Structures are given as C-alpha cells and as structure tokens.
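Going by TrEMBL, these are the annotated features:
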- 4-226: domain 'Radical SAM core' (DOMAIN)
- R13, T94, K154, R255, V256, R257: GTP binding site (BINDING)
- C20, C24, C27: [4Fe-4S] cluster 1 binding site (BINDING)
- Y26, G67, S118, M188: S-adenosyl-L-methionine binding site (BINDING)
- C250, C253, C267: [4Fe-4S] cluster 2 binding site (BINDING)
Amino acid sequence: MRDGNGRKIDYIRISVTDRCNLRCRYCMPEEGIDLMRHEDILTYQEILKIAETGARLGIRRVKVTGGEPLVRKGVSQLIRELNAIEGMEDVTLTTNGLLLGDMAPELAEAGLSSVNVSLDTLDPERFSQITRRDRFADVMKGIESAVRSGLKVKINCAVMEHLSREDVLAFAEYSVKSGIPVRFIEMMPIGQGRKYHAMDNEELLKILSEEYGDLRESTEPRGNGPAVYYTYASGAGCIGLISAVHHKFCGSCNRVRLTSDGFLKLCLDSPAGVDLRTPLRSGVSDEELRGLMEQWIRVKPESHHFLSPEGREGELPLSDGTTEKCLNMNQIGG
Ligand code: SAM
Ligand code: SF4
C-alpha cells in the first residue's frame, strides 16, 4: 500500500523479544532494564496474524529482529510460517550471531533467505568493551556456520563515535577476504544511542578511498533498504553505508515496525503508531485489524528529525491516550 506521502510500504521489521544476551552500550544499559512482562509479548500466533494482515496490505518482506531474536524459543518455526504467508516474498533476520553457530542450519531449512550479523569491531577486546560480554569467538563461529548453511550474510557495524581508522580498514580487508558485504550504520540518537555522536559516514568513505583508491558506487540491489554500496576497483570486497542521520532517505522509506509487545511503530524517530495487541486480544475481526493497520500506515510521518533536538520526543503516546517512556533499540528492533 501507499502511505499519505505516496511511499510504497512493503517491508516490516518484527521484533520478537526485547531480551538479549549482549548489552551493547548504545542499545541497552547493563542494569535497571525494564523488561516487558512475558504476558505482554505477542505470541507467535498474534505475530502471524499481523504479518498476514500486512501481506494483504502489500507487505512483501519481513525482517525478524529483537532484542536478540534467536533467544526466543521456536523462532525457526515462526520463520517457516512467515514464509508460508501468501504474498510474503522474503523473510530475513538480524542477529548478534551468538547462537547462529548452532541455529544457522535449521534457520536456512526453515526458509530464511539471509541474515544480517551485527558486529561493530573485529578486535575481540574492543568487542567485549562495546557489548560488555566476551563472546567475539561465538559471533565468528556463527558467521561461518551461516555461510556454510547457504544463507546470504551481511555484517552490520553500528558506528560509535570513536570507530578508529584501524577498525574501518580491518572491516574493509575482511570484506575482501570473506566476500561478505560490511555495512556501516550511523549511530542514531535513540535510547542509549543518544549518548554517542553520529560520525558522518562521509568520513569513513574518505578513509576507505585513501586506502583503496577508486571506490565504485554499486547499483546492484542488495537488501531491503537504504544502504549505498561501494565496491573496490579490484572487484573483491563490498562496503555499504547507511547514513540515516546525516543523509536522510525518508523520501524512499518503505517500512513499518512491530515491537514485541505489539505496537505498530511508523517511524524510528516518532511516537506515532498504534497498539495492535489490545484489539487482537479483544477479538478484533480480520477486516477491523486490516482497517486499523491501513489507517495508521497511511499517516506514517514524512521524515525524522534526528539532527534537531527540539524535534525529539521523550514520551511515547499510545493510541489509547496514555504514554510510555522513550524506547531503547532493543525494544524497537533497529
Ligand atoms: N540483536 C540483534 C542485532 O544486534 O542485530 C537485533 C536487534 S538490534 C536492536 C538491531 C540493530 O540495531 C543492530 O544492528 C544494532 O547495531 C542496531 N542499533 C542499536 N542501537 C542503535 C542506534 N542507537 N543507532 C543505530 N543502530 C543501532
Ligand atoms: Fe542486543 Fe542487538 Fe541491542 Fe546489541 S544491538 S544489545 S545485540 S539487541
């Protein structure tokens, strides 16, 4: 379907849990986390009902996210069932990779087409600093297992302000050797991420160009979204830049998000959206659910205001008139 600004909305990111086995500094605090009550988290049946309704409205691709989606039991079965929805063309996953070593074969078998592994550094010590856990080796095993299982793999590196030249070049080299695309994502001022400064991806491009000379912008489509890709003159290696903050791409935004407690969130930077869990648990009909989703997707905000402090909101008004505290990324799904 089209939203009120004429944008085609065909992609949904579905968060299946707010729990995580890492504590990335820009995403979750170490302690004092307000975890959702288990009974507030959507069941797989409820998620599937929303995805099916989305498919009737033209949603064609779904990304399963979290928290860490692989910590929720039965996620492979969910992926299988999402895949079976009429009209759904692509089911993908974003993960920190810790459990991928064991789970990649069953995920591939369930019909997952590709996996994005979030990895912010190739230095094990720095990994422990960022994630507050000493699990670098598990992520690398996870990536290998995903590749062996035939999944397409991309690495997503969220750029904290002090990403060093060494880190950038290590990823560039890794991409050449492994053939895995590495995408650098500008830190967004959301939740814990507000503590960090978003380094402009242009700076990264400069470092890469100094080292690799001619970077060529690639026009080949490689994912669901707004990354701009570059290949090296040598032909091997691929770097993607997702510059949500400094070079916003709201005009071509194609997505909505579903939080694990059932809030249909229309834009990362806006409280706009609707609670779908309450109507679902009050016996809403298929047609009413469709009408509700259609009505809200139509009013998706035109753009974010990450760079203007007065544009930011600290409270999340819900459709029933109450408000919630501003969310961290583990609750939104990235
Ligand atoms: N745990 C899974 C993972 O790490 O891929 C899925 C959920 S995580 C919230 C999804 C993505 O959001 C990760 O790639 C993470 O780096 C990114 N992320 C979290 N907080 C962010 C922020 N403030 N700005 C930009 N990206 C962020
Ligand atoms: Fe967990 Fe992903 Fe957030 Fe890191 S970014 S704390 S892995 S949800």
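For all residues, glycine too, the Cβ spot is worked out from N, Cα and C.
Positions of the features from TrEMBL, shown on the structure.
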{"residue": "R13", "record": "GTP binding site", "Cβ within 10 Å": "23"}
{"residue": "C20", "record": "[4Fe-4S] cluster 1 binding site", "Cβ within 10 Å": "23"}
{"residue": "Y26", "record": "S-adenosyl-L-methionine binding site", "Cβ within 10 Å": "21"}
{"residue": "C27", "record": "[4Fe-4S] cluster 1 binding site", "Cβ within 10 Å": "24"}
{"residue": "T94", "record": "GTP binding site", "Cβ within 10 Å": "22"}
{"residue": "S118", "record": "S-adenosyl-L-methionine binding site", "Cβ within 10 Å": "21"}
{"residue": "M188", "record": "S-adenosyl-L-methionine binding site", "Cβ within 10 Å": "21"}
{"residue": "R255", "record": "GTP binding site", "Cβ within 10 Å": "21"}
{"residue": "V256", "record": "GTP binding site", "Cβ within 10 Å": "24"}
{"residue": "C267", "record": "[4Fe-4S] cluster 2 binding site", "Cβ within 10 Å": "19"}
Candidates C20, C27, C250, C267 (binding-site residues) with Cα within 10 Å of V256 (GTP binding site): C267
Densest Cβ neighbourhood among C24, C250 (binding-site residues), 10 Å radius: C24
G67, K154, C253, R257 as binding-site residues, winner by CB count within 10 A: G67
Distance-selected binding-site residues near ligand 1 (C-beta under 6 Å), from K154, R255, R257, C267: none
Distance-selected binding-site residues near ligand 2 (C-beta under 6 Å), from R13, G67, K154, V256, C267: G67
Residues Y26, G67, S118, M188 [recorded S-adenosyl-L-methionine binders]: greatest CA to CA distance in Å: 17
By Cα-Cα distance, the member of binding-site residues R13, C20, C24, C27, G67 nearest C267 ([4Fe-4S] cluster 2 binding site): R13
Spatial separation of T94 (GTP binding site) from C24 ([4Fe-4S] cluster 1 binding site) - C-alpha basis, Å: 15
Other residues, Cβ within 8 Å of C250, C253, C267 Cβ centroid ([4Fe-4S] cluster 2 site): R7, K248, F249, R255, L268, D269, K300, P301, E302, S303, H304
Those binding-site residues of R13, C20, K154, C250, R255, R257 having Cα within 10 angstroms of G67 (S-adenosyl-L-methionine binding site): C20
Span of R13, T94, K154, R255, V256, R257 around GTP - largest C-alpha separation, Å: 21
Rounded inter-Cα distance in Å - C250 ([4Fe-4S] cluster 2 binding site), C20 ([4Fe-4S] cluster 1 binding site): 29
Integer Å distance between the CA atoms belonging to S118 (S-adenosyl-L-methionine binding site) and R13 (GTP binding site): 15
Top Cα neighbour of M188 (S-adenosyl-L-methionine binding site) in the set of binding-site residues C20, C27, K154, R255: C27
